[in-house]
Each structure stands twice: as C-alpha cells, then as structure tokens.
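Annotated features, as they stand in TrEMBL:
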type	residues	note
DOMAIN	6-50	domain 'Transposase putative helix-turn-helix'
DOMAIN	173-282	domain 'Probable transposase IS891/IS1136/IS1341'
Amino acid sequence: METSRTQRAYRFRFYPTPGQENLLRRTLGCVRLVYNKALALRSETWTREQRNVSYRDTGKALTGWKKSEGLAFLNDVSCVPLQQALRHLQTAYSNFFNHTGDFPAFKRKAHGGSATFTRYAFTWDGCKRHLKLAKMKEPLRVIWSRTLPVKAVPSSVTISLDAAGRWHVGILVEEHVKPIPRTDTRIGVDMGVDSFAALSDGEKIPNPRFRKRNAKRLGKAQRNLARKQKGSRNYEKARLKVARIQAQGADRRKDFLHKLSTRIIRENQTVVLEDLAVRNMCR
C-alpha cells in the first residue's frame with residue numbers, strides 16, 4: 001500500500017526551569033507586542049493614507065523598533081519568533097482577503113500566547129530527545145507521552161502557554177502516512193440531545209456530560225474568584241484554578257470526540273451526517 005508524505009504536529013507538555021520560564025514569558029510578551037504593533041501600523045496606515053503595508057514593510061519597522069531606546073528589550077529574546085509573528089500576521093491578512101478568516105485581532109495577555117522557532121532557532125538531538133531553544137543553555141524537560149516518527153527532523157517548534165498556566169510544545173515533522181484500508185460499510189450519524197449520537201446500525205453513544213461532572217467544582221471555584229480583589233496575587237491564583245478546571249473539561253471533551261470520530265472513520269468507508277443545529281433543539 002502506497003504511503004503519502006505529510007506535515008504533522010506532535011504536541012507535548014513540558015515543564016520549564018525558572019530561568020527558562022522567565023525567558024519564555026519574555027519571548028511571548030515580545031511576540032505579542034510585535035504582532036500588535038505591526039497590526040496597528042497596518043491598520044493606521046490604511047486609515048490615514050489608504051495604503052497597504054506589506055510584510056517587508058513590517059520587517060523594516062521591526063528593525064527600527066529594536067534599535068529604539070524604548071524597545072531595546074526586543075533584542076533580549078530570539079529574533080526568529082518575532083519575525084514569525086509578522087509572518088502569522090501576513091497569513092491572517094491573506095486569509096481575511098481570501099474570505100477564509102476574520103480580520104486580524106489584537107492579541108491579549110490573558111489568552112496565554114505562543115512563539116514559533118524555525119529550524120535555525122533550536123537544536124534537536126533525536127537520539128537523546130533533547131530540544132533546546134535559542135538563548136537557552138539547557139534542553140526543555142518535555143514529557144514524551146508518545147513517540148515521534150523514526151529519524152524525524154523537526155522543521156519548526158511552537159511553544160505555547162494556555163490560560164490555565166500549562167506549557168506545551170508543538171513539534172512539526174514530516175512523516176509517511178499509510179491510507180486507512182477500504183471497507184464496504186457505511187454509517188449514518190444522528191446527533192441527539194439525551195444521547196450524544198445515534199448510529200444507523202442501532203448503536204447509541206451516551207452523552208458523557210463533562211460539564212455536569214465539573215459543575216460543582218467549577219461553581220465553587222468561580223464563587224471564590226468573585227470574592228478576590230482583581231489584580232491581586234490571590235485573584236490570579238483563583239483565576240488559574242478556574243481556568244484549570246475548565247481546561248480539564250475541555251481536554252476530556254476533545255479526547256472523547258477524537259476517539260469516537262477515529263473509531264467511526266476506521267470502521268466505515270462512508271459517513272453521513274445530518275445538517276441540523278442541535279443547539280436549536282435545546283431551546
């Protein structure tokens with residue numbers, strides 16, 4: 001059976017040292033700042049002069065920002081994630097004009113953030129599974145929850161921090177994928193309210209109701225957060241607790257949906273879904 005080559009990202013948790021976390025947080029802050037300044041530059045230039053600012057123009061602006069006294073701290077982090085932020089902004093504009101995405105929005109600190117390192121901004125030792133980013137002396141302590149393809153060479157690495165304070169690393173590699181064997185079966189999926197879904201072969205998928213499981217813990221944590229003074233350390237601790245409970249529920253839903261969809265796809269050649277908004281049935 002022939003294989004096809006594709007780019008695939010493998011995502012892992014990692015736990016940075018205090019020094020690494022300090023550098024990574026500064027990097028995320030600089031990436032967010034550069035992205036927002038470039039977006040403001042493009043928006044304001046169009047408003048004033050009705051002129052488009054190109055990716056190359058934002059690159060020149062970045063060079064000027066790094067030379068200015070007020071933004072000299074941009075030189076303390078790797079230049080690659082900053083340049084990638086401009087590329088991501090250019091992609092966002094292209095998607096908007098191609099009607100495949102919304103207009104780019106300013107990034108907020110509360111949403112965590114991410115930074116992308118291309119091939120020359122990190123070192124990778126596949127034998128030891130050591131990943132070291134630019135300006136770091138030690139490799140990241142990554143939890144290798146699954147194995148990468150044999151002899152995989154990462155083309156880029158993306159570091160992200162979510163609202164729950166969890167660090168993740170996405171490693172983009174090229175791999176050979178075998179197509180799923182063909183079958184003669186077909187299935188229809190009917191989304192429900194009491195049950196999550198009903199299949200045309202008579203099987204009913206029960207609704208796991210992840211929100212109901214966490215409702216008591218989440219409600220208690222949210223009430224505790226409401227009593228804290230916004231901006232204080234105790235407020236941040238309480239906010240993180242709420243975010244972690246919400247993230248736990250989201251992770252469970254993603255895992256459930258991924259396993260269910262994978263099973264249905266592997267067992268059937270044709271899958272038919274109804275064109276119906278289940279949310280409207282719950283009103």
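Any Cβ shown, glycine's included, is placed from N, Cα and C.
Predicted automatically and left uncurated, TrEMBL annotations should be read as such.
Across the domain 'Transposase putative helix-turn-helix' (6-50), the model assigns an average pLDDT of 95. Away from its own ends, the domain 'Transposase putative helix-turn-helix' (6-50) comes close to residues 58, 61-62, 65, 71, 73-74, 76-78, 81-82, 84-86, 88-89, 93, 104, 106-107, 109, 112-115, 135-136, 138, 140-146, 148, 155, 158-159, 161, 166-175, 177 of its chain (Cβ-Cβ under 8 Å, at least six residues beyond either end). Counting residue by residue with DSSP, the domain 'Probable transposase IS891/IS1136/IS1341' (173-282) contains 56 helix, 23 strand, 31 coil.
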